[in-house]
Amino acid sequence: MAGAAAPKRQDTRKFFENLSGAGKSIAVLTSGGDAQGMNAAVRAVVRMGIYVGAKVYFIHEGYQGMVDGGDNIKEATWESVSSMLQVGGTVIGSARCKEFRTHEGRLKAAHNLVLRSITNLCVIGGDGSLTGANLFREEWSSLLDELQQQGLIDAEAARSNSELHIVGMVGSIDNDFCGTDMTIGTDSALHRIIEVVDAIMTTAQSHQRTFVLEVMGRHCGYLALVSALACGADWVFIPEMPPEDGWEDNMCQKLSENRADKKRLNIIIVAEGAIDCHNKAITPDYIKDLVVRCLGFDTRVTILGHVQRGGTPSAFDRILASRMGVEAVLALLEASANTPACVVSLVGNQAVRLPLMECVQMTQEVQKAMDEKKFDDAVRLRGRSFENNLSTYRLLSYRKADSELPNSSFNVAVLNVGAPAAGMNAAVRSAVRVGITEGHKMFAVNDGFEGFYKGQIKEIKWGDVGGWTGQGGSLLGTKRTLPGKHLDKIAEQMRIHNINALLVIGGFEAFESLLQLYEARADYEEFCVPMCMLPATISNNVPGTDLSIGADTSLNAIVETCDRIKQSASGTKRRVFIIETMGGYCGYLATVGGLAAGADTVYIYEEPFDIRDLQANVEHLTQKMKTSIQRGLVLRNENCNENFTTDFVYQLYTEEGRGVFDCRKNILGHMQQGGAPSPFDRNFGTKVAAKAIQWITQTLKDSYKGGRVFANSEETACLLGMRRRALVFQPVSQLRDETDFVHRIPKEQWWLKLRPLMKILAKYKTSYDVSDSGQLEHVARLRPKETKTSSAI
């Protein structure tokens, strides 16, 4: 693969080349309820295990297969996990196993593992499955003693298999496991829910209907809460937030007000475990009867059920599972007799290892708090991600009467700048509604800074942004025009409309625009106001943030297309697809899309390559095609090399592969920008915009002196970005030095660390920097105190 040479700087970094799996056996199993993305995790464990020289085994049918042994425990090969990345559920099967809960069952399981010298176990499942694995580990030495006494194993077998190492990955659509922001399968389940809600909204609007949707989540309201945020639901019921007495009247009043505001539909989302404050279940049918009885609205109930578990895993789940799978193998290789069983988790944008039982105990504490009706404690124990979703929902869910609003007398303008990105509208909606709640007058600017200097500015009210979360593109309109040439006119419009703060949502042009306005403060007092930028671009090329609004939707579009293109080759002769992605000079979409779609090679600008690399890649594919694998996938970022164009690469592969495989090429183009925003982008846009408006409110108060706003310090012109584990406000003037303006990319990009991982999964030898991983953390340490400029996601 292009540029696969080992990095020259071997300074403080730690590489996994010295972690050998030779002589070790690793087994992987999926247990409990299935979740989309489990197959991606299995694939990553198998390929990483084989890559480091270990033997890897599938255990089919979860713990049941471990107890039964025989053909249920089979050695895995590189080819045996081919084409499973895009398959939902779990290919190796899952089962609930009563026998493993008994001592006899665990004794049989231990015997089956020792027969194959398996002492490293990777368990993908929920908290019950992981607790079972931990108990198994604690009993391991006594089980071996018992097997020896019964004459089933000899002393040498007991000695050489004396330590059992366990690493868990949480596969659960409910996202109910403490210690991780996201569990494998949650994002895909949200995709299913949002697809249904979007479809229901069109029919509900046609008939002026109210829909009550029940989503999964017997003990955890995450799916209900986030889908309510992502579709702008009127009301949500979750176990962690039982409504107070009198909720029936409040809900009916709100539904009635919304209908009076000419809103043609109402959406109510109910988690299957929803309860009231007396622990009485709240069912969809009860809500339907209530609405019909009190309001007479045409009301329908939809119970989504197992639809949420099904279907293809989303790009997010494939990447999460692949990263976790590789991390799990590293954790097994580094484990010693003293290392506790750990679980691989995601915090913000970082994979971390946590002691398994700390996470399980905290998860059990949540249930205990719920049983004792300590709901605030339960929410806090769920973690920052859940807490922030809930506080954002509360901010946006209830429209206060004008008399209840604080009167701030500040005017805040919102605009989109750059190319459209899915999720922009969700961010604008959130900003407008939170701004109104904070007492500001909100102004919408059409067509970016071009519309700004032309005076296309008007007040925007609560009801004007109804239904915006699910809309793709930019409803405000957006242009790439920078403000630099029109500063006089823009300053004049700021004066005319008395604009006291600016929220700019957009890509690299938005970043450059904010820099220009900040630098013009010396000449124009009108720009001495709080200014905040939210990164929104499919290219994910803005400095100061790991992720931008819109990139997730774009990745899903790329991955879906790659899946379809790969499928088109099934049943034909061996074929390689050359696919060009967008992104300018930034290789994010190509690299991360390649990881999620199972690409063999990805060409990007950030990792220079030459004709020798191209030749090596063709030879690599030729070797692959001699196995049972019939397809190849090559991704090329649009600006990776001016001479090695997509046509050139296609022609080279066609010529060199003659007689072994044929080629097809595909340029994805603007399809990557379009479509309805993904649940992640809706939710991310909603949360960061709410956070930005709260920052603007505080900064307005701090800079209001002598009857006017005056803000000219660098801290008052910020970009709000996601950095590893936190959302951070960073002055744009400080980000200037981190930016390559010629190629419109940050000088350092976190996702480049994912490239070796992608190469390993495509069977290339490479160096992999593991300095970020390896430290076992503790659950309590995940709750740092928030500062004014930084907060958890």
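Any Cβ shown, glycine's included, is placed from N, Cα and C.
The following features are taken from TrEMBL:
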type: ACT_SITE; residues: ASP174; note: active site, proton acceptor
type: BINDING; residues: GLY33, ARG96, CYS97, GLY126, ASP127, GLY128, SER129; note: ATP binding site
type: BINDING; residues: ASP127; note: Mg(2+) binding site
type: BINDING; residues: SER172, ILE173, ASP174, ARG209, MET216, GLY217, ARG218, GLU272, ARG300, HIS306, VAL307, GLN308, ARG309; note: substrate binding site
type: BINDING; residues: ARG480, 537-541, ARG575, 582-584, GLU638, ARG664, 670-673, ARG744; note: beta-D-fructose 2,6-bisphosphate binding site
type: DOMAIN; residues: 26-331; note: domain 'Phosphofructokinase'
type: DOMAIN; residues: 411-696; note: domain 'Phosphofructokinase'
type: REGION; residues: 1-398; note: region 'N-terminal catalytic PFK domain 1'
type: REGION; residues: 411-793; note: region 'C-terminal regulatory PFK domain 2'
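The structure, with features from TrEMBL marked on it.
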| residue | record | CB count, 10 Å |
| --- | --- | --- |
| ARG96 | ATP binding site | 14 |
| GLY126 | ATP binding site | 22 |
| ASP127 | ATP binding site | 24 |
| SER172 | substrate binding site | 26 |
| MET216 | substrate binding site | 24 |
| ARG218 | substrate binding site | 12 |
| VAL307 | substrate binding site | 16 |
| ARG309 | substrate binding site | 19 |
| ARG480 | beta-D-fructose 2,6-bisphosphate binding site | 17 |
| GLN673 | beta-D-fructose 2,6-bisphosphate binding site | 20 |
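Along the region 'C-terminal regulatory PFK domain 2' (411-793), the predicted structure has mean pLDDT 92. Considering only the binding-site residues ARG309, GLY584, HIS670, GLN673, the residue whose Cα is spatially closest to the Cα of ARG96 (ATP binding site) is ARG309.
Annotated ATP site GLY33, ARG96, CYS97, GLY126, ASP127, GLY128, SER129; additional same-chain residues within 8 Å of its Cβ mean position, judged by their own Cβ, are SER31, GLY32, GLY125, GLY132. Each of the binding-site residues ARG300, ARG575, HIS670 was assessed for Cβ neighbours inside 10 Å, and the highest tally belongs to ARG575. GLY126 (ATP binding site) sits 19 Å from VAL307 (substrate binding site), counting Cα to Cα. Of all the binding-site residues in the list GLY33, SER172, MET216, the shortest Cα-Cα distance to GLY584 (beta-D-fructose 2,6-bisphosphate binding site) is found for SER172. Checked against ARG309 (substrate binding site) by C-alpha proximity, the recorded positions SER129, ASP174, ARG480 yield ASP174 as the nearest. Within 10 Å of the Cβ of GLY584 (beta-D-fructose 2,6-bisphosphate binding site) there are 20 other Cβ atoms, across all protein chains. SER172 (substrate binding site) is 7 Å away from GLY33 (ATP binding site) when you measure Cα to Cα.
When the Cα atoms are compared, GLN673 (beta-D-fructose 2,6-bisphosphate binding site) and VAL307 (substrate binding site) turn out to be 27 Å apart. Residue annotation for substrate gives SER172, ILE173, ASP174, ARG209, MET216, GLY217, ARG218, GLU272, ARG300, HIS306, VAL307, GLN308, ARG309. The furthest Cα pair among them is separated by 33 Å. A distance of 11 Å separates the Cα atom of SER129 (ATP binding site) from that of SER172 (substrate binding site). Counting only the Cα atoms, the space from ARG218 (substrate binding site) to ASP174 (active site, proton acceptor) is about 8 angstrom.
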